[in-house]
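Database features, via TrEMBL:
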- 30-49: transmembrane segment (TRANSMEM)
- 90-109: transmembrane segment (TRANSMEM)
- 116-137: transmembrane segment (TRANSMEM)
- 149-169: transmembrane segment (TRANSMEM)
- 181-200: transmembrane segment (TRANSMEM)
- 212-232: transmembrane segment (TRANSMEM)
- 244-263: transmembrane segment (TRANSMEM)
- 269-286: transmembrane segment (TRANSMEM)
């Protein structure tokens, strides 16, 4: 479902660029962040205690500014890279974010991987390579780009910032709350993208010849991004940021399948093969849970993992083993 949301953003962006000559990635992101702000930031404003918006801002405002910058610039750099480099380069180099994400998870979230996880990632990247080969054979690699080196650097930077954003998202969702992450991203994402919008895209926006079709495409893009941001924390909370990023590798394939009917792409059997390989790697990765190396803070079982009622039962069972001072 997350892949389909990403596919929706890709299709609407391509329609805007190819049919209506509208290239305003920051405006599209700004509208999406505004939706997050109107829903989740306002929701935080009415919370009480430590979940209140003002309380969070007083304690962690600078951290969320950095998160907002990473999230906004990741979206912007990847889209901007298409103007300089080729589709193949973007698809391949965008996968650089997965090993960066695993490394950050290792040091920040204390995730520990098994051999099967590294094999699974390699299988998924093999599937991406198959997809790129299908693109070349189908003749989709027509644009050589105006400055390939600049474009490739932008992709690598964007992928790395995506990894930073995803690791922060996993930490906040699992340690704090989904509403806090979405509310803060909505607040600072709106502010940062709005400022950048006025700096880099005001001429492009002024040249848009608005009609209901263009407006509808903007709305569709914003809704797809809103659903992506809203649902991704739910998936990350029960899995991990790495597994989610492996799963959404299928988004490019969904875009290709839709492109067969909407943009006249040529079909290749390698697309089906690449989809199958990526899904195989994703299933392999999810088949074995990762473990955490973070030391336990107490011998008491955590409330968040077993619930209040079960906590009482566990305490009774472990009562002879627990020191009186710890109780």
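Glycine too: its Cβ is placed from the backbone N, Cα and C atoms.
Automatic prediction, not curation, is the source of TrEMBL annotations.
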Residues from the same chain, set at least six apart from the ends of the transmembrane segment (30-49), whose C-beta lies under 8 A from its own: 55-56, 72, 179-180, 182-187, 189-190, 193-194, 197, 218, 221-223, 225-226, 229
Interface check, the transmembrane segment (244-263) with the transmembrane segment (181-200), three or more C-beta pairs under 8 A: no
Same-chain residues at least 6 beyond the ends of the transmembrane segment (181-200) whose Cβ lies under 8 Å from its Cβ atoms: 26-27, 29-30, 33-41, 43-44, 53, 56, 64-65, 67-69, 71-72, 76, 168-169, 172-173, 229-230, 233
